[in-house]
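A.B. asks: Have a look at this one before I ask anything.
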Amino acid sequence: MSKSIEKMISHLKNQGFVFQGSEIYGGLANSWDYGPLGCEVKNKLKKVWWDFFVKKNPLNVGLDSSIILNSKVWKASGHIDGFNDPLIDCKNCKSRWRADKLIEEFDSSINTGIMTSAQLEDYINQNNILCKKCQKKDFTQIRQFALMFKTNQGVLEDDSSIVYLRPETAQGIFINFKNVQRSMRKKLPFGIGQIGKSFRNEITPGNFIFRTREFEQMELEFFFDPSDQKDWFKYWLDQIELFLTKKICLDKSNYKIRENLKDELSHYALKTSDIEFNFPFGWGELWGISHRSDFDLKVHQNLSKEDLTVLKEENNQKVLANVIEPSVGVERLMLAIFWQAYTEEQLEENNSRTVLKLPYNLAPYQVAITPLSKQLNQNAHQLFLELLKDFDAVYDETGNIGKRYRRQDAIGTPFVITYDFQTLEDQKVTIRYRDTMKQERILISQLKDFLNSQFN
């Protein structure tokens, strides 16, 4: 059966994973809330990332920096002066577009990142690119639109009180580099990981949770001596692949690694690679890894006048660390996981089922317990309470057994345990596998060992 992103979105809404933001007031463009099951997946995904990149890696430590920072941070990083999108308006229908995206959709081989506003305008005019909405060619001149959300701190609303919602989590790490290095007695190389909200006032967000104005990032800034001979870029790229394939079970056929060309690189980057995923709307960036040189520490050292170097004990020389940055959006990674997991299967006798084949470690519930008859409710519920001590379990006694199986398939529960009348005699329950629908009998006394073997 063919699947579509529209069907998947409807499924996720109906099953309690994702809801339209501010829905009772007509919604808010590209704003999403995560329901009871969605926030379980989200929290588990963040924990898996944190354990892999921070907690279980002896080189790295964690940080949780503020969303609102001193505006000088964004001046130093270049965001205030250069974090903009080129906008163009259609005079005929009043629609607003990103000029670079209009060109890229017209010809995907064009690298708009190196083009000036004048060059973007010339290309649109020379190639007769039309408004996507009304199919007319009557555009305004391009103007640069700031992507940072601006607000005021305190009771006065003047230039001195202007602050911004952070557009990335990275800068909070850079300005705390010396605090972390000193307090944790770290020597190069070491990394600082962070998970947190970021905000970008983008004009054309879309494709469900792929690109939103409010999003969550999982970023690692890895600091190393520029004279270090180890290829840390390759090391962290390999770690990303290991995480994707072994920790969250992404199929290798669904993603590819693309190294950015020199003219695609950001001004601070020596090297960048994108891990791209085959989303329902085509290939798109899933995860980025960049060699940021010493740009970040250097600009903050220059503006703050604070010494951000590290003293090398072997030669008593100061060094300004270089940085490798693996960065991924939580929601974008969730979209990739949902799209791979969402499956519509045709069964025998014209039956079908919709199943979320989520990785076991990301499923909202690991196991469901259900009684075959109302007479067994008390026994089954007691088993549920016992399993709840060690597993993410759910109890389900509504509807017939077939409907319960389909309901658990739809939300990705790997195993359903059925307590039946035979259980009273042999102390065995029926356990059903989500992906294969295979069933087998197992002793209640062996249930925990069985489940632990599946999840570990």
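Each residue, glycine too, has its Cβ placed from N, Cα and C.
Dumping what Swiss-Prot says about this protein:
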BINDING   ARG98, GLU168, PHE215, GLU216, GLN217, MET218, GLU219, GLU325, PRO326, SER327, VAL328, GLY329  substrate binding site
BINDING   200-202, 210-215, 285-286, 329-332  ATP binding site
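Buried or exposed, and what's around them? Tell me for each listed feature.
C.D. replies: DSSP assigns GLU219 (substrate binding site) to a strand in the three-state reduction.
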A.B. asks: Could you say whether, by DSSP, ARG332 (ATP binding site) belongs to a helix, a strand or a coil region?
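C.D. replies: Looking at the DSSP assignment, ARG332 (ATP binding site) belongs to a helix.
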A.B. asks: Measure between the Cα atoms of every pair in ARG98, GLU168, PHE215, GLU216, GLN217, MET218, GLU219, GLU325, PRO326, SER327, VAL328, GLY329, the residues the record assigns to substrate, and report the largest value in Å, rounded to a whole number.
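C.D. replies: 27 Å is the greatest Cα spacing among the residues binding substrate.
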A.B. asks: Expressed to the nearest Å, what is the distance separating GLU202 (ATP binding site) and PRO326 (substrate binding site) at their Cα atoms?
C.D. replies: 22
A.B. asks: Using a Cβ-Cβ cut-off under 8 angstroms and a sequence gap of six or more, which residues of the chain neighbour GLU219 (substrate binding site)?
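C.D. replies: Once residues fewer than 6 apart are set aside, GLU219 (substrate binding site) is near GLU168, THR169, ALA170, ILE173, GLY193, GLN194, ILE195, GLU325, PRO326, SER327, VAL328.
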A.B. asks: For ARG213 (ATP binding site), what is the secondary structure state per DSSP, taken as helix, strand or coil?
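C.D. replies: SS state of ARG213 (ATP binding site) = coil.
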A.B. asks: Work through the binding-site residues one by one (ARG98, PHE215, GLN217) and name whichever has its CA nearest to the CA of ARG200 (ATP binding site).
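C.D. replies: Minimum Cα distance from ARG200 (ATP binding site) across ARG98, PHE215, GLN217 lands on PHE215.
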A.B. asks: Of these binding-site residues, GLU202, LEU286, VAL328, which scores lowest on Cβ atoms within 10 Å?
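C.D. replies: Per-residue Cβ counts within 10 Å for the binding-site residues GLU202, LEU286, VAL328 bottom out at GLU202.
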